[in-house]
Every structure is written in structure tokens, then in C-alpha cells.
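Engineer: OK, TrEMBL features for this one:
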type	residues	note
BINDING	Gly102, Thr103, Phe134, Asp219, Glu220, Val221, Gln222, Thr277	pyridoxal 5'-phosphate binding site
BINDING	Arg137, Ser276	N(2)-acetyl-L-ornithine binding site
MOD_RES	Lys248	N6-(pyridoxal phosphate)lysine
Amino acid sequence: MTWREEGQKYILPLYGRLPLDIVRGEGMYLFDSEGKRYLDFYSGIAVNTLGHGHPEVLAAVEEQMKKYFHLSNYFVTESQVELAKLLVENSFAGKVFFANSGTEANEAMIKLARKYGREISPSKFRFVALNRGFHGRTLGGLSLTANPAYKEQFGDLMPGVTHVDLNDAEALERAVDDHTCGIIFEVIQGEGGLSGVNPEFVKRIKEVAKKHNALILVDEVQTGLLRTGKLFAYEHLDLVPDAMTLAKGLGGGLPIGALLVSPRLENVLKPGEHGSTFGGNPVAAAAGAAVMRVLLRPEFQENVWECSTLLRKGLEVLQMKYPEIIGEIRGRGLMLGVEVGSHALTLRDFAQEEGLLLNITGKTVLRLLPALILTKVEIEEFLRILDNGMMKIAKGE
Ligand SMILES: Cc1ncc(COP(=O)(O)O)c(C=O)c1O
């Protein structure tokens, strides 16, 4: 029995696992127990921003671990401060709260908005969120998430959440009123098929938020940290959020989440009103600061832009070659979705055989989230394997 098979005996079967025994990662690649190499286009679902085993992250983690692993939030640690400073100095935010995950960062954001609303009126606790959005698995995160498949089995959730369709400005206007404390959305919907908010919708969000004194809450758990070509995806828009959440790529593979708040909201949550034992763990924060230092380098950003253009162009060439297989190509930067209809699973399995790990979302979309250390060599490898897979499908093999 392999350890993967043994896992079925001891671990709750909540995930659809891939039939692979991965033993090691290096840069853009993973290796299984038989030594087979896979080009990793999952990158831990946008977590391993700098690939596997990045030397600067490794060094920062080692150095921190030699000092101490954990102190508790009775102490502020140097790595937390370093990471917070890098986040604040490079965003709209005035201050940061550290959590452990995306959903926990969103819980903090929910509490911030609830408290903000309550200080205005006890009935100002409602949220407007988007259909096909995803905000995490805690009861608060689930309440903001529209998809019934994730939540209907759990009974009553947080009251007062209205969902409207992405880019339906009229529906948004109808849903937001003086009882709304926050409007939450992703700039590009990661789990929902890689569609994004359009400028007209954003304009309307700003108008209704202002009119009804509601907070603009941006969930950048997946889109943040250069994933879309800008450090934060809201920078593509004419928009300054009131609060934003990050997680996934922030710790370069270690668990850390963050809530960033604008200066005017710094004093909404008072000491003792929110907290976390592990939030801002010094080792995860040290990894986060190392990740941020790399992401902020101009030459690193240039590589991300060049690779994004190359990858997209390559996909468009395939789209012209296989119009019956490839539908829309959505997303931005290195967060792309390729609509392939009923061929998604066939392509995923073929790619795996050929040494390429491809993720699927919404059953019909190939979700491409490669590490941001991608180069031309891996893009060519990726496109070659995808081309071969599509050729087989086109030939009816
Ligand atoms: C946009 C968004 N928000 C929140 C979450 C939840 O993050 P976590 O799984 O770290 O709790 C995710 C996870 O996929 C996400 O994509």
C-alpha cells in the first residue's frame, strides 16, 4: 500500500485527489516517487508564486526558524513588521491584520464591515456579493459565496447577503441600500471561471458604495501578488478599495492571510475584538517578506509581463488551430482560463501522462496558474503538450 492509498484510511475524503505520489518540487517542476517530472501549472492553486524551493524564501524561513518558530501575538515580530510595511507601502492600505488563510482573512473583513456598519446603524449589516464568486469555506466565507453546492447542506448561514450577477450594474444598484455595510467581489473570479469585473460595473460599485456609505471590499486572495500582472488586481481598475484580503501566494507556500484596510478604517476594530493564535506566524511572515521583495523587483515584474503575453499569444494560436475545442480565453496575466467544453478532463489526463499538471475549474475550463518564475522554455513545453492533446481530440483518437 502506498502512503497515498493509506491516506484514504486515515484522512477524511473531502478532496478529489490526483493519482500521484509527489515526493519533491523544484522550481516549476514536481517529481513523483518513480522520478517522473511534471511541469506544475497548479502551483498549489496560485500559492507557490515563486515555484518550489525558491532560494530566497528558503533562506528567510531557515533564518527565522533558527531564531524562533512562534511567539504568540503577545509579541510583535520583526518579520511581521517587515511584511506589513511592504504591503502598506505598496498598496492603498494604512494597516494590516494577519490571518492564516484566505477564508480567515475574509472573516476579518466581514467583521470589519459589520462593525463599521453597526457604528452607523444596527440595521447596517448586509452584504452584496457576486454570483459565481468564491470567498472561502468558513460559515462567513460561505455566506458570501453564492454557489449552493458549497453551502446548502449546512443550514442557516450569516443573514443579510444578496448575490447579484457579475457586471449586472442594474441588479447591483437594486441590491445595495442604506442597510448594506459592504460590497465584496473578486476582480477576476478564480473559482467561478476566470471572468472579471468590467469598468462600467466598477464605476457603479463606486457610485452606490458612496451613495449608501457601504465599504468596497476586494477579495484578492487569488488575484493578488502579481498574479494578474499588477501587484494587486484592483490596480487594473479605476478603484481604491476600502479593504482587501490576501492569502494564497503571500507566504510562497506557507499559510498566511492578510486583511489590508484603508487609513480611514484603521480604528474600526478595537484591541481584543478580533485575533488569531497563529495569525502572522513569524516563519510564514518571513517567507511572505521574502516573496514580496522578489515580486517588487522591476526585472521580475517584466518577466511576468513577457511570459503573460507569450502564454496568451500561444493559446490564441491554438484557438485558431482548434476552434472547435477552444472557446473563450479569459483572465489576465498568469491567471488564465481556457474554455474547452467537454474536453477538459481528457486534456487534463493527457497532459498528466505527458508530464504536465493542469487544473480544471467549472468542469469546462482549464485554469492556468503557473508560478510567476515561469520562462519561455516552460511556456513552449506547456503549449507543445496542449497542442498534442488537442490534435488527438481533433483526430478523434
Ligand atoms: C478568491 C478567494 N477567496 C477566498 C478563498 C479561500 O481561501 P482559503 O482556501 O485559503 O481559505 C479562495 C480560495 O480558493 C479564493 O480563491
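Including glycine, each Cβ sits where the backbone N, Cα and C put it.
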Engineer: I'm trying to understand the geometry here, so how far is the Cα atom of Lys248 (N6-(pyridoxal phosphate)lysine) from the Cα atom of Thr277 (pyridoxal 5'-phosphate binding site), in Å to the nearest whole number?
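Structural biologist: Here the two Cα atoms are 19 Å apart.
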Engineer: For the recorded positions Arg137, Lys248, work out the Cβ neighbour count at 10 Å and name the residue with the minimum.
Structural biologist: Arg137
Engineer: Please check the binding-site residues Asp219, Val221, Thr277 against ligand 1 and give me the ones with CB under 6 A, sequence order.
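Structural biologist: Those binding-site residues that pass the cut-off, since their Cβ is under 6 Å from ligand 1, are Asp219, Val221.
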Engineer: Determine, to the nearest whole angstrom, how far the Cα atom of Thr103 (pyridoxal 5'-phosphate binding site) is from the Cα atom of Arg137 (N(2)-acetyl-L-ornithine binding site).
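Structural biologist: Taking the Cα atoms only, Thr103 (pyridoxal 5'-phosphate binding site) lies 6 Å from Arg137 (N(2)-acetyl-L-ornithine binding site).
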Engineer: With Ser276 (N(2)-acetyl-L-ornithine binding site) as the reference Cα, tell me which of the binding-site residues Gly102, Phe134, Asp219, Val221, Gln222 is the closest one.
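Structural biologist: That would be Gly102, nearest by Cα distance.
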Engineer: Please state how far apart, in Å and to a whole number, the two most distant Cα atoms are among Gly102, Thr103, Phe134, Asp219, Glu220, Val221, Gln222, Thr277, the recorded pyridoxal 5'-phosphate-binding residues.
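Structural biologist: In whole numbers, the farthest two Cα atoms are 25 Å apart.
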Engineer: Within 10 Å of Arg137 (N(2)-acetyl-L-ornithine binding site) by C-alpha distance: pick out those among the binding-site residues Gly102, Val221, Gln222, Thr277, and say none if nothing qualifies.
Structural biologist: Gly102
Engineer: Can you check which residue among the binding-site residues Thr103, Gln222, Ser276, Thr277 has the largest number of Cβ atoms within 10 Å of its own?
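Structural biologist: The most densely surrounded of these binding-site residues is Gln222.
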Engineer: Tell me, if you would, which residue among Gly102, Phe134, Asp219, Glu220, Val221 (binding-site residues) has the fewest other CB atoms within 10 Å in the structure shown?
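Structural biologist: Fewest other Cβ atoms within 10 Å, among the binding-site residues Gly102, Phe134, Asp219, Glu220, Val221, is found for Phe134.
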